[in-house]
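Enquirer: Structure below; questions to follow.
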Amino acid sequence: MIRIGIIGYGNLSRGAEAAIRQNPDMELVAVFSRRDPKSVKVKTEGVGVYHVDDIPSFKDKIDVMILGGGSATDLPEQTPKYAEMFNVVDSFDTHARIPEHFANVDEAAKKGNNIAVISVGWDPGMFSLLRMVSTAILPEGNNYTFWGKGVSQGHSDAIRRIDGVKDARQYTIPVDKALDAVRNGENPTLSTREMHTRECFVVAEEGADLARIEKEIKEMPNYFDQYDTTVHFISEEELLEKHGGLPHGGFVLRSGVTGLEKENHHVIEYALKLDSNPEFTGSILVAVARAAYKMKQRGDKGCKTIFDIAPADLSAMSPEELRAHLL
Ligand code: NDP
């Protein structure tokens with residue numbers, strides 16, 4: 001049995017908790033939070049919630065810690081800190097800062113003789129793996145990544161910060177025309193605006209100036225100004241009823257050529273359609289926790305990404321079973 005702990009209890013951690021129940025070789029031992037443990041209610045019966053200050057006392061009771069913290073401020077601090085004590089897995093998704101995060105975590109994990117797998121989820125994570133493998137197979141070609149249709153938490157938060165906005169949900173939507181052109185092997189050069197549109201559902205405070213809110217959304221630098229954005233004002237009830245979930249998904253495509261004259265064309269496509277982003281991401285973290293456990297058992301240490309994981313390490317099946325059933 002692989003003994004798992006979860007540090008930080010938000011959407012992603014609840015997803016990982018549910019995933020552990022679907023993996024009979026794993027058990028959830030404890031959940032840790034920076035909040036008062038009495039205020040945090042976990043779903044799994046018999047699993048205790050402890051304050052993060054108690055983490056060191058679990059050193060011999062937990063094989064792998066899953067970190068559910070946010071990428072902006074939690075993980076840069078928490079992952080190196082806990083990698084010195086435990087094998088850890090995180091879903092750090094600030095792409096530009098991955099090299100810096102890797103270096104910090106690597107130093108800590110090596111000091112503690114532990115394995116730390118960072119930036120696993122679907123992007124970064126499964127999409128990164130698909131981009132890498134497709135590029136290795138078809139070295140001459142182009143990669144395309146489309147996200148959605150799905151809720152972007154970062155963009156929804158940005159709208160919520162506008163004066164007069166009570167609540168909001170933002171969907172990122174791939175543009176069909178662009179997706180079709182890639183699928184047809186046209187190798188298009190696509191601008192940001194040509195690849196995705198953004199659709200916003202906004203609950204405004206009573207008496208708020210709707211035209212001003214819409215203008216502020218559409219002109220928000222980086223978040224919306226480079227996209228065609230639609231804004232719908234709706235009631236709080238409608239937002240809860242129709243936009244309460246966290247669906248997401250997307251497509252990774254590589255369009256490449258082979259042959260002496262480069263006469264043959266190939267398209268590789270990997271698609272995800274997810275009802276729940278945190279539950280799917282949590283499921284990936286759990287499979288990767290198993291791989292971290294196996295790597296540690298072989299005496300490996302240091303920071304790893306999805307590129308460093310042998311595929312069979314993710315599976316609960318033996319090598320014989322894998323060869324017989326899934327090869
Ligand atoms: P949440 O905001 O739900 O949780 C983040 C942290 O906030 C938790 O660890 C928890 O820490 C704290 N928290 C949670 N709920 C509350 C609350 N009610 N009051 C106060 N604090 C709370 O974030 P998500 O779980 O949605 O996402 C976590 C990260 O997952 C994202 O930042 C993103 O980086 C990553 N992610 C990565 C993906 C990928 O493909 N790589 C895909 C999806 C997400 P504590 O218990 O200590 O207070």
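Here the Cβ of each residue, glycine as well, is placed from N, Cα and C on the backbone.
Since the structure is predicted, the reported quantities are computational estimates derived from the model, not experimental observations.
So TrEMBL has the following annotated:
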BINDING   9-12, 33-35, 91-93, 120-124  NADP(+) binding site
BINDING   W147, T172, R198, H248, N277  substrate binding site
DOMAIN    121-276  domain 'Meso-diaminopimelate D-dehydrogenase C-terminal'
Enquirer: Counting across all protein chains present, how many other Cβ atoms fall within 10 Å of the Cβ of V120 (NADP(+) binding site)?
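Expert: For V120 (NADP(+) binding site), the 10 Å Cβ neighbour count is 27.
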Enquirer: Does S33 (NADP(+) binding site) have same-chain partners at least 6 apart in sequence with Cβ under 8 Å from its own Cβ, and which are they?
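Expert: The answer is G8, Y9, V40, V49, Y50, H51, V52.
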Enquirer: Out of S33, W122, W147, T172, N277, which binding-site residues lie by ligand 1, with a C-beta less than 6 Å from some atom of it?
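Expert: Correct list: S33, W122, N277.
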Enquirer: Taking the Cβ of W122 (NADP(+) binding site) as the reference point, list residues of the same chain whose Cβ is under 8 angstroms away and which are at least six residues distant in sequence.
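Expert: In sequence order, H248, G250, L272, L274, N277, F280, T281, I284 meet the Cβ cut-off.
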Enquirer: Which of these binding-site residues is closest to F92 (NADP(+) binding site) if you go by CA atoms: W147, T172, R198?
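Expert: Smallest Cα separation from F92 (NADP(+) binding site) among W147, T172, R198: W147.
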Enquirer: Hey, of the binding-site residues listed (R35, R198, H248), which one tops the CB count within 10 A?
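Expert: Counting Cβ neighbours within 10 Å, the top one is H248.
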Enquirer: What is the pLDDT of the domain 'Meso-diaminopimelate D-dehydrogenase C-terminal' (121-276) when averaged and given as a whole number?
Expert: 97
Enquirer: How many whole Å apart are the CA atoms of R198 (substrate binding site) and V120 (NADP(+) binding site)?
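Expert: V120 (NADP(+) binding site) has its Cα 25 Å from the Cα of R198 (substrate binding site).
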Enquirer: Could you list the residues of the same chain, at least six apart in sequence, whose Cβ is under 8 A from the Cβ of T172 (substrate binding site)?
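Expert: Those within reach of T172 (substrate binding site), by Cβ under 8 Å and sequence separation of 6 or more, are W147, G148, K149, G150, V151, S152, H155, H196, R198.
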Enquirer: Which of the three DSSP states, helix, strand or coil, fits H248 (substrate binding site)?
Expert: strand
Enquirer: Give me the non-local Cβ neighbours of P124 (NADP(+) binding site): same chain, 6+ apart in sequence, Cβ-Cβ under 8 Å, ordered along the sequence.
Expert: F92, D93, H95, I98, T305, I306
Enquirer: Where does Y9 (NADP(+) binding site) sit by DSSP, helix, strand or coil?
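Expert: Looking at the DSSP assignment, Y9 (NADP(+) binding site) belongs to neither helix nor strand, so coil.
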